[in-house]
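> Once you've had a glance at the structure underneath, I'll fire off some questions.
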Amino acid sequence: MCPSLRGIVKPTGSLWLNLFPLPSSLMLLLLIQLFSWCPAAPSGPESDTCSTLIQSRFFGHFLSSSTFPTAPCSWTLQNPDPRRYTIFIKVTKPTSTTDCIPRQLRTFQFDSFLETTRTYLGMESFDEVVKLCDSSSPVAFLEAGKQFLQMRKGPPRAGVKVTTPNASEDGEFKTEYLVVGKRNPSMAACQMLCQWLEDCLASSTSNRPCGIMQTPCQCWEPPPPPQLSEGDGCYRNGFYLENCLPSSNEKSDTDSNGGWSVWAEWKECSSDCGGGVQTRSRTCQSPPEETYLCEGVVEEGRPCNPQPCSGKGRHLTRSQSLRSVDSRKRDGVDQTASGEEWSSWSVCSATCGESWQSRTRFCVSSSYSTQCSGPLREQRPCNNSAVCPVHGTWDEWSPWSLCSSTCGRGYRDRTRSCKPPQFGGDPCMGPEKQTKFCNIAVCPVDGVWNEWANWGSCSASCSNGTMQRIRECNGPSYGGSECRGEWIETRDCFLRECPVEGKWHPWTSWVGCTKTCGGGSQHRQRICYGPFFGGENCPGDREEVRRCNEKRCPEPHEICAEENFSNVVWKMTPAGDTAAVRCPPNANGLILRRCTLDDEGIAYWENPTYMKCISNDYRSIQTLTREHLSKAQRGLVGDGVSEVMTKLRVTSSDGTSYSGDLLAIVDVLKNMTEIFRRAYNSPSNADMRNFVQSVSNLLMEENRERWEEAQLLGPNIKELFRLVEDFVDVYGLRMKDFQDMVEVTDNLVLSIHKRPVAGNADITFPMKGWKGMMDWARSSEDRVTVSKNILSTEHMSMEVDDLSAFVTGIVLYRNLGSILSLQRNSTVLNSKVVSVTIKPTPGSLSTPVEVQFSHLYNGTTNQTCISWDESDTSSLLGSWSARGCRAVPIDSFSTKCVCDRLSTFAILARLNPDMNMDKMQLPSVTLMVGCGVSSLTLLLLIIIYVSVWRYIRSERSVILINFCLSIISSNALILIGQTQTRNKVICTLVAAFLHFFFLSSFCWVLTEAWQSYMAVTGRLRNRIIRKRFLCLGWGLPALVVAVSVGFTKAKGYGTVNYCWLSLEGGLLYAFVGPAAAVVLGVAVELLCGSASPGPHLDVCCPGHHRPTLLPLPDLVRCV
């Protein structure tokens, strides 16, 4: 029995395609054994109980009664590899087609089988080839090249009566299948396939072509190719196999088990001319008991060199008799040569035409007797007088015609002509024309709409609605076009009017309270709209009343009286309330002022706040920025963004008038950052500089009180930090190349570094070689180091598959500490403020950030590194926290902070108890001693001059006294100004007067040199010259200071640390320039005076007195 698995039949042993040529009887026995039917277990999508799947079988057959006992049933043959094998089917149709039901049995081939849905894909039908119910041809052949070939018996159609035939009835049909390799097919497979092809073509017509389109075997080619003989491996038994390889097991003429050996090569001809004989021999390889296998001659000959001789021919000397052997010699009987008897003449080789008869004889002799003389074989002609009939013969087939169809299944044919028979020969046998199917490509099938489905229900139960219906597209397949038209159709529907329930209009505003205090009432109303079409009325009340002003009425002492403050009239306001008046004409908004109670319960006015007032200039910039932001959010490109940034920089550099201006600037910068975040509004370098300068203008020292008023301290400072951090992110994203950018202003330094992910260098701040650094930034000893190990994708908090660069931003704030005002009792902010940000933000830092700060105060202790941490609510410093940072002291003047997070950093220190909290509250001892000694000495000189004035009265003495007064005034202002840095107005005045008195000192030196020169040259005139001296000593310095203040608007007069001229902006040259000019003038006058011939006294004394030169230089006395 054949082994059976579920739906799979697997053969054991060698496959048919690998068989070698066998004798016909042995091959027939093998076919009978292998073609025995072995059904597999049911499988496939057609039927779970009646289905057969054949796998790994290359030949077989089945009967319809056993394979299709019921309907539906299916039989499927699987091609092991469609690229290497082709399936051929032979269907022997039933002898009687009276009970055959057309299209009940259908034949298909499929590309593949989908196991999940148990469906076959890529179907192609063979019904037009098989035509089981067509009795015109008893046999149908077909060829299949896909993975599955299936024959499916479907259920009968309604109204058709079906009879189930038995195996013995005429309605049964037989199916044979053959799986043949496309290369090197076996001889057995080719023999059967060629027979099928011959039968298929013989029975084909133009209406019923042959189903076999091509074969891997070459049939109907009797003569072998010139280079091959029948002994070659690819030409066997009369047909040629394509692409085959000769078998190494094939033997040419004999079997190694016995019988004759192969003939030896022909020997040399016995004569060169006149006719000779060539011989060849063979040996018997059978044992003595099997001598019957060696019948025939041992040696045979053939004529050679028949051309006539010219007398020089060469003849062999030995006998040319051929030898023979029989069984008697094999039996060991030694007999002498005896009579030679001829056998009877054989039958004539042909009944007509040239034919021959032959007879033979044996030579019986002993080993020592002479050999028999004469030939062993004779031939004679026979039947030469009869003329043979010539049968009709076919000419060669014409080439196959082109396929009748460019797609789908078509057919092609070929023809041949017959040479007519002669002399009573038979006519040509076989068809004159052959037709077979061809399949160039599958025809595309366009999609076709199915019928519309019924309309669905209306989408609304009342009022207007819609209803829909759909249709499905059948197809397309094989590259056809999609169905054209809509797959869904919609139409309006209306069932009835929907009931509309009543709906309240919005409440009116509350009317005024009936009382201002002590408890009153106020009410509001609303109107009901509807209902309609049977709807419900509005639920609830139409009027609502509530209590108001239930607080007790204040006593007279609990009310702030009407007051005129800062040119604003404040009305009477109860304690606890806030009064509001309009801002001045140059601003928009409200001025707020709160009335509160003091410790004794008496009402008083607090200082007014201007945080709701915004100057008109800033209001217009704010409006423009919001318009550009609205365009950017809609995807529009707005022109003039850079102009807005320029206008903001220029306006903010002129200062602010109200605390609301600071809030407006912050709002404008936030909106500009959002605009620059859009891809089509990339910031330029000028925009970057204007942005950074505007932030610097926010941090100007004159804005400190307005910052406090605007309440941007503590948690509100985060808006400033976030603003700068967001801008670093946006600008760094727009930087095209890996580069560094730095911008230095009066109040901050911003550096942006764009580095590749695979960077190999640390980022240090500030970098060497930066140009354009201001003095305060150049002299700053603050340092920041960001390790290259931080810039790694291993520690990123987000997906950065496409990340190619990191952007690092570092900001050094010059005076942010004074605005933060973190001083608490004995603690003080002892450094500048530094912010470090990296985009994209790492989730954690593998290497800490190092920030080195220089101390602002000497003699402090307990240096603590703090960072901005909004999540730390337990810190006593608001959002400043000491977590995540540790302080590493470097020396008494600097401290390094090592932090494992990115934030804004600073140092908080404790003041020495012996020190005052304000470092500038008192000048240093050295300064006080120096200025004091200088002032006392000059004052003593003035006293001496005054005491002897009547003796030394002269222009030079007047110049000396004025010079001493300017120096004493300068010393006093230096001592006073060191304690007034917190007061901007006083500090500005001190700086301006210092500028004046220092210039006066230099100018009085120039005046003294001028006076000496005039005295030497004799051009001194008391009254006229004295006025010029006073103008030069006091007038020229006053003019220089007035011009400097007018041009700079007093900016630069006074800094955060001292009340003197600022080193920034070039204002210092207003002092250095005139001083250098004075020194140059003194040198010129001294040179000119030394070149004069000598002193010439021209002094007028009263009466008859005469001038006398005293011992003191240049002193004259009238005696």
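Note that Cβ sites are derived from N, Cα and C of the backbone, with glycine treated the same way.
Quick paste of what TrEMBL says about this protein:
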- 15-37: transmembrane segment (TRANSMEM)
- 547-617: domain 'G-protein coupled receptors family 2 profile 1' (DOMAIN)
- 739-915: domain 'GAIN-B' (DOMAIN)
- 923-1080: domain 'G-protein coupled receptors family 2 profile 2' (DOMAIN)
- 925-946: transmembrane segment (TRANSMEM)
- 958-977: transmembrane segment (TRANSMEM)
- 989-1007: transmembrane segment (TRANSMEM)
- 1028-1047: transmembrane segment (TRANSMEM)
- 1067-1088: transmembrane segment (TRANSMEM)
> With Cβ-Cβ distances below 8 Å as the criterion, list the same-chain residues six or more beyond the ends of the transmembrane segment (1067-1088) that contact it, or say none.
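995, 998-999, 1002-1003, 1005-1006, 1009-1010, 1012-1013, 1036-1037, 1040-1041, 1044, 1048, 1051-1053, 1061.
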> Looking only at the domain 'G-protein coupled receptors family 2 profile 1' (547-617), what is the model's average confidence as pLDDT?
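Taking every residue in the domain 'G-protein coupled receptors family 2 profile 1' (547-617) and averaging pLDDT yields 89.
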> For the transmembrane segment (989-1007), could you work out the same-chain residues 6 or more beyond its ends whose Cβ comes under 8 Å from its Cβ atoms?
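Distant Cβ neighbours of the transmembrane segment (989-1007) are 959, 962-963, 966-967, 969-970, 973-974, 976-977, 980, 1029, 1032-1034, 1036-1038, 1040-1041, 1044-1045, 1050, 1053-1054, 1059-1061, 1070-1071, 1074-1075, 1078-1079, 1081-1082, 1085.
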> So how many of the residues in the domain 'G-protein coupled receptors family 2 profile 1' (547-617) end up helix, strand or coil by DSSP?
5 helix, 33 strand, 33 coil
